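**Q** Encoded as structure tokens, here's the structure I'll be asking about.
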2 protein chains.
Amino acid sequence: MEGARPVRAPRGTTLTAQSWTTEAPMRMLMNNLDPEVAEHPDDLVVYGGTGRAARDWRSFDAMVRTLQRLKADETMLVQSGRPVGVMQTHEWAPRVLIANSNLVPDWANWPEFRRLEQLGLTMYGQMTAGSWIYIGTQGIVQGTYETFAAVAEKRFNGTLAGTLTLTGGCGGMGGAQPLAVTLNDGACLIVDVDESRLRRRVEHRYLDEVADDLDDAIEKAVAAKNERRAWSVGVVGNAAEIFPELLRRGVPIDIVTDQTSAHDPLSYLPEGISPDDWHDYAAKKPEEFTDRARASMAKHVQAMVEFQDGGAEVFDYGNSIRDEARHGGYERAFEFPGFVPAYIRPLFCEGKGPFRWAALSGDPKDIYATDKAVMDLFPDNDRLQKWMRGARSKIAFQGLPARICWLGYGERDKAGLAFNDLVARGEVSAPIVIGRDHLDCGSVASPYRETEAMADGSDAIADWPLLNALVNTSSGASWVSIHHGGGVGIGRSIHAGQVSLADGTQLAAQKLARVLTNDPGMGVIRHVDAGYEIAEDVATERGVRVPMREG
Amino acid sequence: MEGARPVRAPRGTTLTAQSWTTEAPMRMLMNNLDPEVAEHPDDLVVYGGTGRAARDWRSFDAMVRTLQRLKADETMLVQSGRPVGVMQTHEWAPRVLIANSNLVPDWANWPEFRRLEQLGLTMYGQMTAGSWIYIGTQGIVQGTYETFAAVAEKRFNGTLAGTLTLTGGCGGMGGAQPLAVTLNDGACLIVDVDESRLRRRVEHRYLDEVADDLDDAIEKAVAAKNERRAWSVGVVGNAAEIFPELLRRGVPIDIVTDQTSAHDPLSYLPEGISPDDWHDYAAKKPEEFTDRARASMAKHVQAMVEFQDGGAEVFDYGNSIRDEARHGGYERAFEFPGFVPAYIRPLFCEGKGPFRWAALSGDPKDIYATDKAVMDLFPDNDRLQKWMRGARSKIAFQGLPARICWLGYGERDKAGLAFNDLVARGEVSAPIVIGRDHLDCGSVASPYRETEAMADGSDAIADWPLLNALVNTSSGASWVSIHHGGGVGIGRSIHAGQVSLADGTQLAAQKLARVLTNDPGMGVIRHVDAGYEIAEDVATERGVRVPMREG
Ligand SMILES: NC(=O)c1ccc[n+]([C@@H]2O[C@H](COP(=O)([O-])OP(=O)(O)OC[C@H]3O[C@@H](n4cnc5c(N)ncnc54)[C@H](O)[C@@H]3O)[C@@H](O)[C@H]2O)c1
Ligand SMILES: NC(=O)c1ccc[n+]([C@@H]2O[C@H](COP(=O)([O-])OP(=O)(O)OC[C@H]3O[C@@H](n4cnc5c(N)ncnc54)[C@H](O)[C@@H]3O)[C@@H](O)[C@H]2O)c1
């Protein structure tokens, strides 16, 4: 095989590898590149700017080949999307170990990263792209749903009905926003320069319609708000122009955020450039493009701050646009908060985060069986129950059927063991893989997002995600990854991922019990260490051991 | 227990912890702080500027207490010298996982590091300080011996007899230089601002004498050179003044290097400041001190470059003084090479590096037994045989008896298994721990030192040390660590350590076989990936698997 081609993971119960322990990472690697899942599969780009699953097609082929032959006590090493070694380990060890995009800090900037990328020495792994547990836009809907629910609780008496949300960026992650707003009963206006991105979200039922032009969009969005209708409208245009224009026209917007790919200035289209010229221009004149993108982001963010001045609820949605706008010369960029300190941190203190799983069989029935298991396990968790019902009825699967819901310490292991039992009893037809986003309670250091404004000032301490990777490697995860620069871009984050296998065996049960306890346990101890009371209570009540608290 | 006190690891075969798997890290942590071993034990500083073994005494006590109670399937997590968690893992997993000094790259600079350190949130772990396998100055003598032997081979027909080496810094690492030069039959003049450092080396037989003043030092050093006598002379003074002065006087110096603690500008004394005022001044005005230190380093390095202009062999010895001098305004700083590309890289290609081990019994006889085992295993390796003889006769143990020698891929596992057999047969009285420096073939990314001038330009790629830590965690190491900033300072390196236990059990043998193959294996695959032919040959001949080379 050579070069780009459509990739689709095998379905069913026939193994192409030596066992499910290696079939699982192989199918999930392939699934990340499935045209139903990946944003630009021919370039091996899964989501989030240039987040890749493999460095190049030769590396992809070598990984598949190696996984197919790999034995149950061997481990494949992956360096930024390329397989660089196979070593003998043991059956409790991960079958794949991954390090993506990591650079020595003094060299950790976009120009040096791109130089190395062009030399063929690295790739950008984003979070779940290079760690093979991206499950399409659904992956982010739940987090986005939780965030908007928290906004509703904080400012709008628990519902977004009668509010209008303005946002930008309708890509792999950002495309979840309109659905998350409407799941919370609100109206949403979303701006993207690329019409095809908006159309794709309509196809997948994440967005209700694309307006003809700005006037049409405003009319429809404001009507929905006034009628307290859950409805989302997309409009083609550049956020750097549209946001200020909406401000100027005094459109009654209640909530403002943004998920353009601002973390990578070459993935944010500056005003005055047509989308057709985008990639050529960015490739040929990266410095000039960066300056123009930052100048546009400055205008974009200035409008956001001024919406806040006017009373709107405004937050950064994890794309580092505030720092880019600051580089672009706008001084007030950091006046609105990131979404984590504003809404998510209390969940992290309980070890809660984006737990997700996929059915290797490809059979949606398997996911429905796991849905039922989760709903049976946590009957009193109303938000979870509402989410699971909404997800099942409104969310289209992309690639291998998958599900996501936020679970905390003491919950994830229960769900994992229940899934393993379903496999053991034959109630689902093939093994399930269980992973999560790197945006989790104890797996990331990212001072403009997950660790912004920590109580003790420890935002930039990066020991935690590394310990997270090491402890998951020590607990029985199937593949473990350490990445740099996901979400907020090169230089700004260090984070770790894990995926574990429920193949119905006793060994898998032992591994799942450990990984799915220790992994969220990192979130609890990280927040205990930073002095959060909720985390201390969780540690005390649920028996999380912290040596400095012992006598 | 509270606050500073003398620490000494227990000796003998009586356990204070639950088993040797936890007794071992406990003794080695204590041994790192033994006043015989550590440079400033009261401050928990082991070596290399402020390289610490524990964040503070409370953390030290908590680690010892936790290790004493830790079960054979539990793991203690250490975040920059403080124990932050205990989690259930399994018996193949490390008992301790360590992450030291890691920062998100955009925040990875000394001022931010110091701010966080002052908040009590981090510590500087150097390499073997925070990973509990520092064995005193002996640890570096072998590497220094190898380096000077390579200098001799390259420029002086295989011997330093009749040559004079000038260097600076006679601390924990730097103190090995005079002995390494005399082991290679040369004469050495070494400058340090702190007389007590020089006296300590004389006590430990690393340095032959301390001169009365500069004139006396020059006379003695030049006499030794002229008489082709192996002899080392220390002189008290500031290298920023003495190096230029020696240049000015035209002293016939053949080789110039330096190991002051230049990697941390607060650990380098600028000219015009007395050693007594050093720490106060640095603590009170860190920015001003930094500027003055860099200005002095500029003069210091200028003299080195001008010695090179005059024909001397000049190299940077891994303390990042070139970059500091550049910051200090000296443009030609990078005109002399680092010691790794100049002398060490070919060894790295074979997976060679600073293999070391310590006898937990405290009994020197145990080390003598292992010395014999190593010499029996590799009878044809002349350099090794010569080193082992020299080490045994000239090197004083500090703390628990220990040994170091450079071994490569296919050699380390043999030695490890031989040691495990000695323990099993009772030929040594207690278990042996086997580790290494982080300055090893595949465990470090450090563009001014270990990965300077890589053939493919991949100097700054930091995936490799992370994969190294993950694979050692997957192979049965006893404790594994990931550090930032060792050797060359904050911002400039990422590196990993491992220590494994030979307790005579079958399980230990299986673990040692894997760790001591995979760990140097990382060096081989890292250099194969970068295109080094020696590494490709080693991979082919010794069967190291690299997926991109398979069909
Ligand atoms: N908050 C979170 O949980 C979270 C999680 C992951 C990623 N992110 C971040 O969110 C951002 C979006 O991720 P994604 O996967 O959707 O990226 P993506 O690249 O798939 O989509 C980005 C979209 O922005 C559009 N865009 C670019 N410039 C624009 C402009 N000037 N005006 C309007 N639209 C513009 C693009 O056309 C594209 O559709 C990234 O920065 C990512 O790192 C956030
Ligand atoms: N090449 C290697 O293999 C290797 C390995 C580890 C560390 N290092 C680096 O070598 C350096 C030395 O390490 P160390 O453990 O010996 O450090 P140390 O702090 O124990 O010793 C440094 C010595 O330099 C002296 N010094 C400081 N400023 C001086 C000046 N202006 N003039 C003369 N002497 C001065 C100090 O008095 C001290 O004795 C560090 O930068 C370290 O990171 C190199």
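Backbone N, Cα and C atoms are what each Cβ position is placed from, and that goes for glycine too.
Please treat TrEMBL annotations as automatic predictions, because they have not gone through curation.
These came from TrEMBL, pasted as-is:
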DOMAIN    A:7-133  domain 'Urocanase N-terminal'
BINDING   A:48-49, A:Gln126, A:172-174, A:Asp192, A:Arg197, A:238-239, A:259-263, A:268-269, A:Tyr317, A:Gly487  NAD(+) binding site
DOMAIN    A:136-343  domain 'Urocanase Rossmann-like'
DOMAIN    A:346-540  domain 'Urocanase C-terminal'
ACT_SITE  A:Cys405  active site
**Q** Using DSSP, what is the helix/strand/coil residue split across the domain 'Urocanase N-terminal' (A:7-133)?
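**A** Summed by class, the stretch gives 42 helix, 25 strand, 60 coil.
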**Q** Please compare the binding-site residues A:Gly48, A:Gly172, A:Ser261 by how many other CB atoms fall within 10 Å of each one's CB, and tell me which has the fewest.
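**A** Each of the binding-site residues A:Gly48, A:Gly172, A:Ser261 was scored; lowest Cβ tally within 10 Å is A:Ser261.
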**Q** Within 10 Å of the Cβ of A:Cys405 (active site), how many other Cβ atoms can you find? Include all protein chains, please.
**A** 24
**Q** Which three-state DSSP class does A:Asp192 (NAD(+) binding site) fall into?
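**A** Reduced to three states, the DSSP call for A:Asp192 (NAD(+) binding site) is strand.
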**Q** To see if you understand the setup: which same-chain residues, six or more apart in sequence, place their Cβ under 8 Å from that of A:Ala239 (NAD(+) binding site)?
**A** A:Gly168, A:Gly169, A:Val191, A:Val193, A:Asp258, A:Thr260, A:His300
**Q** If you draw a 10 Å sphere on the Cβ of A:Tyr268 (NAD(+) binding site), how many other Cβ atoms land inside?
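**A** Other Cβ atoms found within 10 Å: 30.
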**Q** Just to confirm: which same-chain residues, 6+ apart in sequence, have a Cβ under 8 Å from the Cβ of A:Gly487 (NAD(+) binding site)?
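**A** For A:Gly487 (NAD(+) binding site), the qualifying residues are A:Gly48, A:Gln126, A:Met127, A:His263, A:Gly318, A:Asn319, A:Ser320, A:His438, A:Leu439, A:Val444, A:Ser446, A:Arg449, A:Glu450, A:Ser493, A:His495.
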**Q** Can you give me the same-chain residues 6 or more apart in sequence from A:Asp192 (NAD(+) binding site) with a CB-CB distance under 8 Å?
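**A** Listed in sequence order, they are A:Gly168, A:Gly169, A:Cys170, A:Gly171, A:Gly174, A:Leu198, A:Gly234, A:Val236, A:Gly237, A:Thr260.
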**Q** Note the mean pLDDT of the domain 'Urocanase C-terminal' (A:346-540), expressed as a whole number.
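**A** Mean pLDDT for the domain 'Urocanase C-terminal' (A:346-540): 96.
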**Q** Measuring Cα to Cα, how far is A:Gly172 (NAD(+) binding site) from A:Cys405 (active site) in Å?
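**A** Cα to Cα, A:Gly172 (NAD(+) binding site) and A:Cys405 (active site) are separated by 18 Å.
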**Q** Using C-alpha atoms only, work out the spacing between A:Ser261 (NAD(+) binding site) and the residue listed as 'active site' and round it to an integer in Å.
**A** 24
**Q** Quick check: in three-state DSSP terms, what is A:Tyr268 (NAD(+) binding site)?
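**A** For A:Tyr268 (NAD(+) binding site) - judged by DSSP and reduced to three states - the answer is coil.
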**Q** Roughly how many Å separate the Cα of A:Tyr268 (NAD(+) binding site) from that of A:Cys405 (active site), to the nearest whole number?
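**A** So the Cα of A:Cys405 (active site) lies 30 Å away from that of A:Tyr268 (NAD(+) binding site).
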**Q** Reduced to three states, what secondary structure does DSSP give A:Cys405 (active site)?
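**A** In three-state terms, A:Cys405 (active site) counts as strand.
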